[in-house]
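Q: Can you keep this structure in mind? I'll have questions shortly.
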Amino acid sequence: MKIRRYIAAVSILTAVFLFTQTTCVHAQEEIPQIVDMVPVSKEPGQLYAMSAVLMDGDSGRVLYEKDGTKARANASTTKVLTCIVALESAPGDDYVQVSEKAASQPEVKLGLKKGEQYHLEDLLYSLMLKSHNDAAVAIAEHCGGSVEGFARMLDRKAEQIGCKDTHFITPNGLDAEDENGTHHTTAEDLALIMRYAIKNKTFLHIAQTRDYNFSDITGKRNFFLHNANALLDMMDGVLAGKTGFTSQAGYCYVCAWEKDGRTFIVSLLGCGWPNHKTYKWSDTKELLKYGDDNYYYVTYWQEPQTNQILVEEGVEKGQDIGTRIYLRGKCTVTPEDKEKKILLKSGESVECRVEIPDTVQAPVRKGDKLGRIAYYLNGKMLSACPVYAEKSVEKVSFKWYTEKVFHDFFH
């Protein structure tokens with residue numbers, strides 16, 4: 001009798017063990033979050049610029065664009081990147097010696113003379129406030145060893161920032177061409193460069209300075225600079241700005257502006273040719289007004305309920321054979337997570353997706369990553385929080401089945 005019960009137990013055990021071999025299927029839950037608190041948006045009016053971008057300075061998201069990814073010459077707006085690369089490459093009290101090449105640059109220039117020495121910091125003010133071409137070359141040769149070496153530094157930094165189609169040949173933005181093409185960027189890339197630059201406090205201090213005095217190292221030559229960024233006098237909240245013009249680029253401009261905790265960046269390429277010097281101010285104010293009127297910060301974090309996850313071949317102490325074992329995922333949320341926000345306009349929504357599988361394979365250890373809760377805007381992920389197993393689940397084994405079956409049969 002005991003032998004028959006033993007054979008029956010083994011048969012049942014084998015059948016149950018084989019039956020539980022299944023395939024894990026993944027699933028995704030989507031929970032939309034609709035934003036209806038933002039006023040109805042109105043597109044900006046006709047722009048003069050051939051290429052234009054309005055960017056959220058915090059997230060880097062393009063809020064409006066007109067041929068924003070079209071490669072164009074960008075003139076002296078190049079000097080924004082020249083300034084930030086120099087700030088990151090050498091201390092401001094470095095002595096910079098002027099070469100013949102630097103001294104021979106065309107207008108606009110400070111009037112540097114070969115052999116003179118200046119502090120790097122003073123030349124950066126000359127670069128940003130008055131757009132001096134000779135100062136740009138002196139800076140480039142000091143920080144990069146040569147104009148060509150510094151140009152390679154500019155391109156590397158542009159790539160690190162996230163620029164997709166930028167190639168700089170000159171540190172001052174004068175029109176140029178080499179074996180890799182013409183000196184160019186895009187309105188979107190230029191906005192990204194300004195977004196990166198305003199994170200540097202020294203850059204901001206230079207860009208916001210209205211007037212500046214300095215001299216060469218000997219003290220024999222004295223200079224006075226007045227900031228050429230006229231937007232500083234037109235609007236409150238201007239963080240930084242840089243103008244530019246060449247025959248190929250036309251009038252160009254890039255700026256950063258802050259209001260009510262929001263940072264907007266405008267970049268304009270090909271914004272008129274002589275005699276249309278004021279077009280850039282008209283376009284800039286039009287785009288900033290559009291951003292100010294239509295985009296508001298929305299806190300998008302929400303904590304959705306995660307479904308229970310079936311643990312294939314999972315077993316827990318005291319459970320009967322065939323009992324399905326489930327667990328839940330846990331998302332560790334920080335106070336910063338709950339305060340995450342983004343600029344949105346009317347009709348835009350942030351989508352919360354619970355990206356976890358329907359089933360997982362045992363064994364599972366407490367703290368194992370199961371998936372994530374992710375937030376998307378227009379198909380692009382804004383942020384994500386990993387989801388971890390809240391408990392451990394062991395994998396069923398032949399030994400466990402044997403012990404369980406005999407326990408149930410003989411007790």
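Positions of Cβ are set from backbone N, Cα and C atoms, glycine also.
Quick paste of what TrEMBL says about this protein:
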ACT_SITE  SER76  active site, acyl-ester intermediate
ACT_SITE  LYS79  active site, proton acceptor
ACT_SITE  SER131  active site
BINDING   LYS242  substrate binding site
DOMAIN    43-267  domain 'Peptidase S11 D-alanyl-D-alanine carboxypeptidase A N-terminal'
DOMAIN    346-395  domain 'Peptidase S11 D-Ala-D-Ala carboxypeptidase A C-terminal'
SIGNAL    1-27  signal peptide
Q: Determine, from DSSP, whether LYS79 (active site, proton acceptor) sits in helix, strand or coil.
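A: DSSP assigns LYS79 (active site, proton acceptor) to helix.
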Q: List the residues of the same chain that sit at least 6 positions away from LYS242 (substrate binding site) in sequence and have their Cβ under 8 Å from its Cβ, in sequence order, or write 'none'.
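A: Listed in sequence order: SER76, THR77, LYS79, VAL80, MET128, SER131, MET194, ALA207, ASN229, TYR253, VAL254, CYS255.
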Q: Kindly report the helix/strand/coil residue split of the domain 'Peptidase S11 D-Ala-D-Ala carboxypeptidase A C-terminal' (346-395) according to DSSP, in that order.
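A: The domain 'Peptidase S11 D-Ala-D-Ala carboxypeptidase A C-terminal' (346-395) comes out at 0 helix, 34 strand, 16 coil.
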Q: CB neighbours of SER131 (active site) within 10 A?
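A: I get 24 for this one.
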